[in-house]
Amino acid sequence: MTAECPPVAIIMGSQSDWETMKNAADTLDALGVDYEARIVSAHRTPDRMYAFAKGARDEGFKVIIAGAGGAAHLPGMVASLTSLPVFGVPVQSKSMSGLDSLYSIVQMPAGIPVGTLAIGRAGAVNAALLAARVLAVYDDELADRLDDWITRQTASVGDYPVDEAP
Ligand code: RP5
């Protein structure tokens with residue numbers, strides 16, 4: 001018996017991207033959405049990337065979150081090889097603070113869509129929330145969990161600023 005494929009694939013170009021992409025994984029955990037995280041590099045493991053992207057729909061994935069930094073071709077290349085929705089997370093690079101990653105991911109030519117998020121942690125969290133919102137279109141229980149998440153976030157915002165511990 002084969003285990004059921006989780007709905008979300010979180011892929012990244014390098015082990016070094018995990019620190020950022022773990023924020024997407026943690027967010028999906030909080031929402032009770034299953035995922036699988038894999039290292040898939042457009043440049044260092046092009047055959048792995050091709051096999052993953054071509055097979056992702058048949059494997060059972062519904063949404064792909066792809067994080068990469070620098071010359072960040074991974075989200076665009078994967079989007080060119082699958083009809084699944086792809087959300088791209090620009091990982092903050094050392095040399096250009098992630099602007100290189102952002103421009104590499106966001107400037108897709110017409111016809112190959114990548115939903116591009118913010119650089120770094122915010123992008124990873126929001127990619128997970130967007131993936132969950134896509135899945136929640138046909139999943140009322142997940143929609144309820146998303147509503148609860150939003151309610152908790154709202155409740156966590158204080159009315160007045162306080163001094164934080166040094
Ligand atoms: C990209 O190159 C990866 O997505 C990563 O953000 C960046 C640097 O990779 P490492 O040299 O840290 O493996 O392909």
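Note that Cβ sites are derived from N, Cα and C of the backbone, with glycine treated the same way.
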Same substrate site per TrEMBL - residue from Arg44, Arg48 joining Ser14, Asp17: Arg44
Near-site residues: substrate, ref Ser14, Asp17, Arg44, CB cutoff 8 A to centroid: Met12, Gly13, Gln15, Ser16, Ile39, Ser41, Ala68, Gly69
Where the C-beta lies under 6 angstroms from ligand 1, the matching binding-site residues among Ser14, Asp17, Arg44: Ser14, Asp17
For the binding-site residues Ser14, Asp17, the one whose C-beta sees the most other C-beta atoms within 10 angstroms: Asp17
